[in-house]
Amino acid sequence: MTTSTTAASTAPAAAPSTTREAKKGSLATLRGLAPFLAPYKRQFAMAGVALVVAAGSTLAIPAAFKQMIDLGFGGAGAKSIQHVDLVFLALFGLATLLALATAARFYTVSWLGERVTADIRRAVYQHVVTQSPEFFETTQTGEVLSRITTDTTLIQAVVGTSISMALRNVLLFIGGLIMLFVTSIKLSSIIIGLLVLTVLPIVMFGRRVRKLSRDSQDRIADASAMAGEILNAMPTVQAFTHEKLEASRFGASVESAFGTAMRRIRARAFLTMLAIVLVFGTIVFVLWLGAHAVLAGTMTGGDLGQFILYASIVAGAIGALSEVMGEAQRAAGATERLLELISVKSKIESPAQPLPLPPRADSGAALSLQDVGFSYPSRPDTAALQHLTLDIKPGETVAVVGPSGAGKTTLFQLFLRFYDPQSGSIKLDGVDITRLDLHTLRGAIGIVPQDTVIFSADAMENIRYGRADASDEEVIAAAKLAAAHEFIERLPQGYQSFLGERGVRLSGGQRQRIAIARALLKNPPLLLLDEATSALDAESERLVQTALEAAMVGRTTVIIAHRLATVQRADRIIVMEDGRVVETGTHKSLVELGGIYANLAALQFHHVQAGH
Ligand SMILES: Nc1ncnc2c1ncn2[C@@H]1O[C@H](COP(=O)(O)OP(=O)(O)O)[C@@H](O)[C@H]1O
Ligand SMILES: [Mg+2]
């Protein structure tokens, strides 16, 4: 009986990762958790005490029962009545002690589970957010998420219940076994043999049921992953009129989950029946043997009662232990994956002894590149930048133009030190950027990326992301500078308007102006604009253009642009192709040169004229 109830109550809420089951770790890897458990020695000691007290009182209860049966029902008279009272009182006392100790154990152990899991989640996340982009190129964000959520849940189950379950059941098993033999050596030998025969099939079948229940969780996870992707692409789905198709794909996936669930439910129903028949069968059989022993006078009724209770304690302990083993193994696998994740070292790190930036004049930062060569780690054979030498003076505005794939965005990635070049060096204000603290370097740079990112928050908070301690007035000033103030004011709740997930409630141009305001709020000495005006219509481009020109005053600006209107006013234009600088000069000098830029310019002006 005990066996089947433990099997039911502790079957873990299986996590939706298909790779998880494939990798069962060896139990030794659980030792990797030690640093996370170490701070809580006191709580572990408390849990241990509660555990021993609870196990002790559980083991004492059958003995009290024996007293009750033998003396209470065996004899008669005043002495016996008194004794019955005493025994019942003792029994109630034991139960109270058991209740208190069990509650204390549950409380401390659950606290430990939650606490340690929270610590691990924080540690993993904190570690992951410092990783360089290379990490995210090779690791799927979904995988990181599933490690933080489901793998830690497995560990929580182990720390929060399995360890205490294991200890408790080891104590109960050993104690119960000793008491069994103390009660009757002959019956003990018989019942041990029978228990092995009955508990084994139940345990094995229980494993199968748990595996099926994980399978069905996985099916549900598959279905929801699919639904998630489709829901994010709703406009595309509807534009291609695939609603019916998608609905039936999801339906099929839900039906498959139902099928798996039914297999689990059938197995479970069978398991319940098997467990009850086998365990009751054993108990009835041994009771029958015991009853004969009582009739023959070789055993008292109390001994028999006590014996049966100890036997069920031992049987329950065996079942629970096997259960715990499986769970611990899965947690070991989870631990291994989490520790793996925590031990990944970021390719890009601040130096141990960072140099400070020299004091800077008001005019902005100086930037110089010396023979820089770079290829992305995922494409080591293709040079994204080669032999790039460039000197940008404080306060200068440099425009970078060139065909798509020329390496313009890559250049910005290197400025921010998202990657390190394989050869050459990059210096900010004369200091090699690898010698700077990453926060010093990135703090000096404001960037408006090619793909703007809008967080699911209101307009105020989205702009404030540029500088967390900025006041509302400063945010509004930055928005005005970026020509964003007017449209934000016209939103239903002004600056408090929620912009939707990924900024879906804004147009491309509006998103871009929010991003520009965000960068301007940071007020950085070096401003990097990656096609910052590409999504703007002519009118707002003119607005933003004016704003940007105002913003460029007193700082160094590098601006990547396709539209030559944006580029013309730059102090210097750099034309890139295949990771190289092929032409540099002013608009006028480059047009006169008659090279790539002159071609681009001719095309653009042709377009502009055709467009108007
Ligand atoms: N993360 C990346 N991993 C590998 N290759 C990349 C990565 N990002 C860009 N590239 C490649 O590097 C080259 C330069 O890209 P990029 O700098 O984005 O060009 P653009 O001038 O259009 O901004 C392209 O060939 C592109 O395919
Ligand atoms: Mg680009």
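From the backbone N, Cα and C atoms, a Cβ is placed for every residue, glycine too.
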Residues flagged as region 'Disordered' in TrEMBL, choosing from 1-22, 243-264, 485-506, 573-594: 1-22
Restricting attention to the domain 'ABC transporter' (367-603), give the mean pLDDT. 88
Which one of these stretches, 44-65, 86-107, 270-295, 307-325, has the most C-beta pairs shorter than 8 Å to the transmembrane segment (171-204)? 307-325
So what's near the transmembrane segment (86-107) in sequence-distant terms, Cβ-Cβ under 8 Å and 6+ beyond its ends? 46-47, 50-51, 53-54, 57-58, 60-61, 64-65, 67-68, 71-72, 164, 168
